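Participant: What Swiss-Prot records for this protein is below:
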BINDING   CYS28, CYS209, HIS234, GLU238  Zn(2+) binding site
MOTIF     30-40  motif ''HIGH' region'
MOTIF     266-270  motif ''KMSKS' region'
BINDING   LYS269  ATP binding site
Amino acid sequence: MLSIYNTLTKSKEVFKPLDGNKVRMYVCGMTVYDYCHLGHGRSMVAFDLVTRWLRFSGYELTYVRNITDIDDKIINRARDNGESFDALTARMIDAMHEDEARLNILKPDMEPRATDHIAGMHAMIQTLIDKGYAYAPGNGDVYYRVGKFQGYGKLSRKKIEDLRIGARIEVDESKEDPLDFVLWKGVKPGEPSWESPWGAGRPGWHIECSVMSTCCLGDTFDIHGGGSDLEFPHHENEIAQSEAATGKTYANAWLHCGMIRINGEKMSKSLNNFFTIRDVLEKYHPEVVRYLLVSSHYRSAINYSEDSLRESKAALERFYHALKGLPVAEPAGGEAFVERFSTAMNDDFGTPEACAVLFEMVREINRLRESDVTAAAGLAARLKQLASVLGVLQLEADDFLRAGAEGRVDAAQVEALIQARLAARAAKDWAESDRIRDQITAMGVLLEDGKGGTTWRLAD
């Protein structure tokens, strides 16, 4: 039975879908003004993991992840680039999809874009005005009346009184309360805009997600997810808008993933301490990056370093060495491993414990391959089956272990030298055999002699 940590209740609770075996999940996606950094990759992989485990467990999941394609940052970047905002977002959306494909991230079932839901935003804003939760001061803006919503702060545990005392908010005479947030922004010169009942303008960030999520999944759905940095104010404001508009619970459970940190600080573009996914993939195999992101618990912060990536690479090499050379088989055996893996994953998607189970399977595969290759092959297939939940170990072992060889060594030359060494060994010319091995080693290649013959991989 799956238990999840619900940020709304600040407790771990048994997951009970609203509608039998069907699960509806919405996750806040990217604001597409630049290439995705590794922090975005963290969120992508975290909710890809949730998606994979829910489906592996037999749930019928509808996964929606939005794209924010109109925003101050987008407008400013497009202006700096001398291009239209939609040309910029089209390029960045394509780049995001390329990054996701390389990290083996499954596509969401729906990927709504904010600019396709302007009419829905108008409708929700008008409902909020009609119910007294929003007001239009006459300058083209529309604001949400925070003080009217009795449940404000229930997600973040922040109190309105404390926010007013602690906030440094610029005076805006058009607001009734400094904490009120914008639902609709009146048009400014040179900015994209849409007509509305309150004049030309564009939506605020928070209303975008309220409308896209409820449009795709209904007024109430099972899971809302995102990075922990979105808990306040974004997700708090989503709840305030949505529940005031519909009179219903917005999302039953809230999942928040941890941040990537560099020297203890959150990785972000605003702090200029970020690495794009593309930067990292220039140096490391995509599966190494994915394993780094998925092997830590999704709610934990990950401290990014070259050492952590090297550790991820070494872990995957252990897995692939165990798989290497075994015949293709159907998953067989390992029922106790499956049970323990499932127990770990059902405990709030506990990937550290799940990975520990996979390493125990590696030890058993290595033990079996010396005495029972058939059993070893069946257990290896089981290992790959479970690892598919993490989105790893789906490559051919040699392909991963030789990754990066292009441009570094001549594979044909290595293969020719291996054949020459085998001939020398067959002729019992041990000196020549050793000389060839030394030559291959000097090329940065490691040889491994086994029952199935000699294989090779790049040295670290």
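Even glycines carry a Cβ here, placed using N, Cα and C.
So where do these features actually land, and what's packed around them?
Facilitator: Summarising the environment of GLU238 (Zn(2+) binding site), the number of other Cβ atoms within 10 Å of its Cβ, over all protein chains shown, is 28.
The average per-residue pLDDT of the prediction over the motif ''HIGH' region' (30-40) is 95, rounded to a whole number.
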Participant: Given a separation of at least six residues and a C-beta threshold under 8 Å, show me what packs close to HIS234 (Zn(2+) binding site) in the same chain.
Facilitator: CYS28, TRP205, HIS206, CYS209, GLY226
Participant: Excluding CYS28, CYS209, HIS234, GLU238, please set out which residues of the same chain place their CB within 8 Å of the center of the CB atoms of the Zn(2+) site, keeping sequence order.
Facilitator: TRP205, HIS206, GLU208, SER210, SER213, HIS224, GLY226, LEU230, HIS235, ASN237
Participant: Can you check which residue among the binding-site residues CYS28, CYS209 has the largest number of Cβ atoms within 10 Å of its own?
Facilitator: CYS209
Participant: Through the lens of DSSP with three states only, how would you label HIS234 (Zn(2+) binding site)?
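Facilitator: DSSP call for HIS234 (Zn(2+) binding site): helix.
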